[in-house]
Amino acid sequence: MPMAATTQVQDLKQDHWLQDQVLPQPDCDFYILVTWQHARHEISLWYVLYQWLWAIWHIFWCVASILHQGSYYGIYLTNWTYTMIAIRTLYTAVLMAYAHRNYVSTGCLPGRMGWSMKVLWILQSITNYPSLLVTATFWAALWSPGMPIGVWNIILHVCNSVYVWVDMLVSAAPVRILHFTWPLMYLLAYLIFAVVYFCTGGTNPWGGHAIYPILDFNHLSFTVPLVICLGVAAPLMQMVVWILHRRRVCLRRKVLGRRESLVPWI
């Protein structure tokens with residue numbers, strides 16, 4: 001077996017499948033540290049500022065989008081997901097500021113992860129795959145050549161995924177394959193909403209009953225297979241995210257050395 005494949009199998013075995021399926025118990029250091037920092041015993045001020053800049057950016061555009069779309073804002077998965085990103089970044093920024101203040105006053109990092117860090121991990125899990133899904137689905141199935149792109153499509157259908165990839169590269173937060181259950185439940189909640197909205201006569205801004213053309217429940221022969229495919233894609237995308245997470249860890253190990261690893265099971 002090639003060395004790269006062997007490494008992936010070993011990493012998979014070390015992923016603590018059953019123990020970590022819902023909410024594992026790693027040190028909460030991973031959520032407040034940068035992947036590329038040398039010292040594990042300090043919180044970088046620039047990382048706190050980085051989180052606040054993202055929070056301000058997403059909150060600004062979330063509020064602007066609500067004002068722009070009005071009462072129809074809440075019907076779109078794009079907006080659900082962008083709102084969750086805004087909540088996630090604000091929550092992360094507040095946690096980082098609190099942890100940094102404690103670090104400055106005590107010189108210590110938090111110990112085992114408490115409920116606040118568990119909430120953060122859930123927010124990360126339910127925004128990563130849906131953000132990538134929103135971007136891929138919009139550009140592959142909803143946008144067509146000749147349609148104006150516009151600033152809103154750039155913000156809501158490009159910048160959302162850019163944030164996910166950048167934060168995945170910067171943050172030391174671990175990824176678990178079986179955590180695809182969180183985005184799957186999130187997407188199921190939206191699907192239930194879309195069905196109820198359709199059945200109760202809800203309309204889109206153009207007067208139609210389908211929120212998206214691909215979610216027209218008058219054509220179940222098309223919509224049902226599509227929904228099933230998106231559900232099947234959840235664990236596959238989580239696997240892709242996990243592989244990228246492992247590559248990030250391995251790259252850090254090569255750059256800074258194995259003894260500097262932030263992840264204890266490597």
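Cβ from N, Cα, C; glycine included.
The transmembrane segment annotation in TrEMBL covers 45-68, 80-99, 119-143, 149-172, 184-203, 223-244.
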Query = List, by number or range, the same-chain residues at least 6 past the transmembrane segment (223-244) whose CB is under 8 A from its CB atoms?
reply = 8, 15, 128-129, 132-133, 137, 168, 175-180, 183-184, 187, 191, 214-217
Ask   = Taking the transmembrane segment (45-68) as the reference, which of 119-143, 149-172, 184-203 gives the largest number of Cβ pairs under 8 angstroms?
value = 149-172
